[in-house]
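Annotated in Swiss-Prot:
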- His125, His129, His135: Zn(2+) binding site (BINDING)
Amino acid sequence: MTAAVNDAPALDLEVQYVVAWRAGLPPEAAFRRWVSAALAAGGHTGPAALAVRVVDKAEGRRLNHDYRGRDYPTNVLSFPFEAPPGLDEPLPELGDLVICAPVVEREAREQGKPEADHWAHLVVHGVLHLLGYDHEAAEEAEAMEGLERRILAGLGIADPYRLDEQ
């Protein structure tokens, strides 16, 4: 296996734009940078494969309803890969992220955040879920948010939770 730039593990990233427009949406290179930063900080050292699907409100709502029982579009959904039983070797597949573009844009506007920064935060947040991080309990939330803050700071992005608290 050939190492990628800076000896980072190989990343097989598929970005699917399933919206009627692409103007203003992050390019694949941005997604790659955000995913790579989250994988490194989240402790993932091997090759990784995942998909990021950018969707409209209708698909975001349908998926949120079908998988979480909530009848509205949400910003990001994470679908971790589940290996088939009896598999001896780990696979690089981590899972899929679904990000609802109109929700991201609305939230960024409402929170007074640059859209690109909010996209980065949601990608990092989703990747950490794929790596097994969660925020159901207060201690888990504190640890996950702290890691998100560090990753985003490394990308030159302000603390998203500080902005939420203002």
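Placement of Cβ uses the backbone N, Cα and C atoms for every residue, glycine included.
Where Swiss-Prot records a feature, it is marked here on the structure.
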{"residue": "His125", "record": "Zn(2+) binding site", "contacts (Cβ under 8 Å, 6+ apart)": "Val76, Met144, Glu148"}
{"residue": "His129", "record": "Zn(2+) binding site", "contacts (Cβ under 8 Å, 6+ apart)": "Ser78, Pro80"}
{"residue": "His135", "record": "Zn(2+) binding site", "contacts (Cβ under 8 Å, 6+ apart)": "Ala141, Met144, Glu145"}
Taking the recorded Zn(2+) site as His125, His129, His135, identify the other residues of that chain whose CB atom sits within 8 Å of the mean position of the site's CB atoms, giving them in sequence order.
Ser78, Gly126, Leu128, Tyr133, Asp134, Met144, Glu148
Three-state secondary structure of His125 (Zn(2+) binding site) from DSSP?
helix
